[in-house]
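Copied over from TrEMBL:
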- Arg71, Thr72, Val73, Leu74, Cys75, Lys76, Tyr86, Thr87, Lys93, Gln115, Gln150, Ser151, Trp196, Arg206: FMN binding site (BINDING)
- Lys76, Tyr133, Arg137, Ser141, Arg202, Leu203, His204: substrate binding site (BINDING)
- 51-168: domain 'Pyridoxamine 5'-phosphate oxidase N-terminal' (DOMAIN)
- 183-223: domain 'Pyridoxine 5'-phosphate oxidase dimerisation C-terminal' (DOMAIN)
Amino acid sequence: MRVGYGKKPVPPRPSEHPHLDESWLADGWFSLFLNWLRDATEYVAPGGGRIAEPNAMVLGTVDDRGLPATRTVLCKGADDRGLVFYTNYESDKAHHLDMHPYASVTFPWVLIERQAHFRGQVEKVSEEETAEYWHTRPRGSQLGAWASHQSRRISARGDLEAALEAVTRQFCDLDYVPVPPFWGGYRLKPSVAEFWQGRENRLHNRIRCEKNGSGWEVFRLQP
Ligand SMILES: Cc1cc2nc3c(=O)[nH]c(=O)nc-3n(C[C@H](O)[C@H](O)[C@H](O)COP(=O)(O)O)c2cc1C
């Protein structure tokens, strides 16, 4: 990156880090996101604490009444096209995205006083991309995905465990559990990206970029 940012680990006190400014986005949202994700992954607090699940992001969608819903998902792929997560294509979030293919995601890296936020259109990833990721998952997670009709009601935990036993038997002769037809990835393609860095006296740094035709407009917001 032009500013040479991200080559050094976050100092023990994140507030001592240089001020975030527009130049940090000179190479686009993706470079800065990658640097911050790596910082979040590698950060060890003076007391030894770490950020649990640094790739966890809070995904916001809206239902058919316009009522917002948020939940955590894991970011399992990122490049300059967007951020990828995997889920059940018949879940509530998937129904929301069918109706309204736009979403937001927020990475709340509170321990290092940072946040990254993205909004944009969402599309399903290709079946090939889903399959490639699926086959990296532990068998237990694959079977769990088959067993769970995510977001539907179930009367007892025992029914879920029985469903897992049934799919375990169903696939016991197969070396590879197939991808469920109701499961796969989505890519959120940011048209807005905002990076937030905590500072003293609540004079936090917020730098946002917004897609503007084929380019991006980068600007500072008041905290
Ligand atoms: C740390 C964490 C990571 C999660 N990762 C995922 C994920 O990658 N995909 C997913 O479908 N659900 C994930 N969940 C569960 C979701 O938050 C949510 O409960 C589920 O997807 C159903 O959401 P929905 O009913 O709004 O569709 C995760 C939950 C937590 C707490």
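Glycine too: its Cβ is placed from the backbone N, Cα and C atoms.
All TrEMBL annotations are machine predictions without curation.
The structure, with features from TrEMBL marked on it.
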residue	record	DSSP (3 states)
Arg71	FMN binding site	strand
Lys93	FMN binding site	helix
Tyr133	substrate binding site	helix
Ser141	substrate binding site	helix
Gln150	FMN binding site	coil
Leu203	substrate binding site	coil
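Here the C-alpha separation of Lys93 (FMN binding site) and Arg202 (substrate binding site) works out to 34 Å. Break the domain 'Pyridoxamine 5'-phosphate oxidase N-terminal' (51-168) down by DSSP state and the numbers are 40 helix, 43 strand, 35 coil. Among the binding-site residues Val73, Cys75, Lys76, Trp196, Arg202, the residues whose Cβ lies under 6 Å from any atom of ligand 1 are, in sequence order, Val73. On the backbone, the CA of Lys76 (substrate binding site) and the CA of Tyr86 (FMN binding site) stand 7 Å apart. Sparsest Cβ environment among the binding-site residues Ser141, Gln150 (other Cβ atoms counted within 10 Å): Ser141. Comparing Cα positions, Leu203 (substrate binding site) lies closest to Cys75 out of the binding-site residues Cys75, Tyr86, Gln150.
For the pair Gln150 (FMN binding site) and Arg202 (substrate binding site), the C-alpha distance works out to 40 angstrom.
Sequence-distant neighbours of Val73 (FMN binding site): residues of the same chain at least 6 apart with a C-beta under 8 Å from its C-beta are Ala56, Met57, Leu59, Phe85, Tyr86, Thr87, Lys93, Val105. The Cβ of Tyr86 (FMN binding site) has 21 other Cβ atoms within 10 Å, all protein chains considered.
Tyr133 (substrate binding site): 17 other CB atoms within 10 A of its CB, across all protein chains.
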